[in-house]
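Per Swiss-Prot, the features are:
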{"type": "ACT_SITE", "residues": "LYS63", "note": "active site, proton donor"}
{"type": "BINDING", "residues": "ASP11, LYS34, 61-70, THR117, ARG179, GLN188, 208-209", "note": "substrate binding site"}
Amino acid sequence: MREHRPIIALDFPSFEAVKEFLALFPAEESLYLKVGMELYYAAGPEIVSYLKGLGHSVFLDLKLHDIPNTVKSAMKVLSQLGVDMTNVHAAGGVEMMKAAREGLGSQAKLIAVTQLTSTSEAQMQEFQNIQTSLQESVIHYAKKTAEAGLDGVVCSAQEVQVIKQATNPDFICLTPGIRPAGVAVGDQKRVMTPADAYQIGSDYIVVGRPITQAEDPVAAYHAIKDEWTQDWN
């Protein structure tokens, strides 16, 4: 099922910065928030407990990639935090992804990263030595992710349709790199607007700087949410 709330990437360096940002929103508004490496390493597991205590949903974006037993053990710990979604690198392999699923259990969504949205085809071929097209690599990883029993993948919106065709229509496609028209793309090579992401079939979208660095973050969030959901029935 699609998520009507854009996921806000909390790319902040400290707990206090997050508190200041969230204080801008009405206390009763339930948000979907992404906690990435920078914030998690700075604030620790307490940041997740804090956000959940405020009634928000949490996507813990740590992109685990290690031997299967280590990932399984780490996922057991994350499951106790009450996260709503977390992820691994598909490049870790099917056995690692299965171990992650077992460790996390079924109460949270588990998705995999295929290729980072900052990766171009030339970079993939040169540095990863994967001599296929970028799309072929993404489809391969998506199939392996489905095989491992995960809920979906992180992918660019340009890849959503081919991934759902290669797996199944209910396979989650979470799309970062979302930018409203006219906003600088930053360091991500493959980007799309919220309306385009909806039309192409994305299930979740992640938006960071266009909200967190906006002059009015609350207005920016609602404008993006309106664009994302404008054609929903």
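Every residue gets a Cβ built from N, Cα and C, even glycine.
GLY208 (substrate binding site) sits 17 Å from LYS63 (active site, proton donor), counting Cα to Cα.
Long-range C-beta contacts of PRO68 (substrate binding site), restricted to its own chain and to partners at least six residues apart, with a cutoff below 8 Å, comprise GLY93, GLU95, MET96, LYS98, ALA99, ALA100. For LEU62 (substrate binding site), the Cβ neighbour count at a 10 Å cut-off comes to 16, with all displayed protein chains included. A 10 Å cutoff on Cβ-Cβ distances gives THR117 (substrate binding site) a total of 24 other Cβ atoms nearby, all chains included. Here the Cβ of GLY208 (substrate binding site) has 20 other Cβ atoms within 10 Å, regardless of which shown protein chain they belong to. Across the structure, LYS63 (active site, proton donor) and ASP11 (substrate binding site) place their CA atoms 15 angstrom apart. In this structure, LEU62 (substrate binding site) is part of a beta strand by DSSP.
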